[in-house]
Amino acid sequence: MQGGEPVSTMKVSESEGKLEGLATAVTPNNKNSSCGGGISSSSSSSSSRGGSAKGWQYSDHMENVYGYLMKYTNLVTGWQYRFFVLNNEAGLLEYFVNEQSRNQKPRGTLQLAGAVISPSDEDSHTFTVNAASGEQYKLRATDAKERQHWVSRLQICTQHHTEAIGKMMSHAEGQQRDLIRRIECLPTSGHLSSLDQDLLMLKATSMATMNCLNDCFHILQLQHASHQKGSLPSGTTIEWLEPKISLSNHYKNGADQPFAAEQSKPVAVPEERPVAESGLLAREPEEINADDEIEDTCDNKEDDLGAVEEQRSVILHLLSQLKLGMDLTRVVLPTFILEKRSLLEMYADFMSHPDLFIAITNGATAEDRMIRFVEYYLTSFHEGRKGAIAKKPYNPIIGETFHCSWRMPKSEVASSVFSSSSTQGVTNHAPLLEESLNQVGADCYTVRFVAEQVSHHPPVSGFYAECTERKMCVNAHVWTKSKFLGMSIGVTMVGEGILSLLEHGEEYTFSLPCAYARSILTVPWVELGGKVSVNCAKTGYSASITFHTKPFYGGKLHRVTAEVKHNITNTVVCKVQGEWNSVLEFTYSNGETKYVDLTKLAVTKKRVRPLEKQDPFESRRLWKNVTDSLRESEIDKATEHKHTLEERQRTEERHRTETGTPWKTKYFIKEGDGWVYHKPLWKIIPTTQPAE
């Protein structure tokens, strides 16, 4: 026994069945009187002023119990005597160092609502209190009878407060339903309207709050039930419940559905091909003539907060129908929150620094090439955002494609070494080898990009980029899964990318971070979060990258950290910290440091074919009417054009289902769980195995 506390032992006389205590327990009714028991109860009738107690009397009524118990702290400290108080009214189990410190702040407190009280199998004296928060007290009574008394009192208190939460939830749900009914019964116009922004805000936030509380209470019940039946098997997770209310049946507030998909009236767009014709479009791969591409002059600058404020009631109305954790894949979002570009084109913007991409293969060593890849990777995200306001790119239509390319002067790639603001020079980047420059006669390297929407449910995009002259290419597939998170929307990028450096016979596998649209009721902004890994199996180098979400209090926005490691020797060769849209600091194992200011990095404009030369299913031509309407702030017209495209996709999908016709992709082939470009560079150019 450790801890330095006065030892208070209690035992039951076998001959008399009485509790003889060397410790004192004080009753709340008379603090100056002493009891012979080590545990007391404010409503117990078994205590006696004479210092003895009759056999334990159990009842189902609530009791405030207090007394000394032994509490297990850790392997070093072991068991310690502590004075425990069961506060039935508050539903708390509190403990103090000793009885004399009872009027001070408790050393520890457990909420008993949702807790599980479990007698231990290891002996007849020990029991545990497992709170819903995950905190656990391991306690030991003097004997089996004392343990049983504590366990029974704690279980009664726990059940009472757990049921009370359920009753409170039921009462709150009734009030919330009554509130929504009263709002929806209001007229749609006049001084107090059902479409009043303040009322819509109240409706949305109350719905989100109740959904969150319901899910939390459900998880608490599952946890409680699992402990009663035995612990959950390892690896088991408790997920959010699916929505109980169909969205299509819940758009009310006296207004028509402003963004429902199935019930909206289709609007004819003369420029669009009819369904029958579009379904017969050639699905054979098309060779893009680079001479047809011209430097992009399109500048789809996103609107400021004004456009969002004008449509705030629509957002509030939408939020009032969503459930916490709900999958948004099949939810049709209002048109005004859209960016004026497709998701496929957004993926292309990750290649806006082709000089850094090409420079990866110029690294003289495997270590250098991995570090260069991390540098390129971390600088690829900031250009993907168009403006400070978080908006959503178009959901690509199945079969939609996007093509573009970049031309990069060789001299710029050769000198693409970031400037250092430290006093030490950056020496670990090897200069571009002269013979590499002489391999190609042209003055520019060309990076070609193609993306295709290969699946609708689930929504999967494939994209591929290559630089033939440098014998390097990247192939990736991404499934975007979006969820409603209360006042945020989270998007998980499920999939994998592979960068192939054919000159070195190396493959780098990588994943993508999650994205979050925060503060969707005020000024929405984008945040990246999650851990990303980069691995090269051949060289044994890997990188671990963490995009940090901003904590609730304090902390920096858009923070990112990374480590590049040689797995065989477990040596960290480079560390990175900073912000993915601002300044990055690279620290190398030799002590050198350099800084990269992403706001000053040159962005190479992509080259695209004019609309008249594009395939009808290429992104810019396909979404032209929607983009033009958004550019002119004609939201209703944009919604009509968008609905026409989506309805055509549904009609063709139904036709394929009825006829049993599988969808045929154009540029990507399904291989296992992923999608691979039909003519990747590694099938055309043999991989070399250089000696290092």
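Every residue, even glycine, has its Cβ placed from backbone N, Cα and C.
Fair warning: this is a prediction, and the values are worked out from it, not measured in the lab.
Record features (TrEMBL):
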REGION    1-54  region 'Disordered'
COMPBIAS  40-51  compositional bias 'Low complexity'
DOMAIN    62-159  domain 'PH'
REGION    634-659  region 'Disordered'
COMPBIAS  634-658  compositional bias 'Basic and acidic residues'
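In the predicted structure, the domain 'PH' (62-159) carries a mean pLDDT of 89. Here the region 'Disordered' (634-659) has, by DSSP, the following mix of helix, strand and coil residues: 25 helix, 0 strand, 1 coil. Helix, strand and coil residue tallies for the domain 'PH' (62-159), in that order: 19 helix, 40 strand, 39 coil [DSSP].
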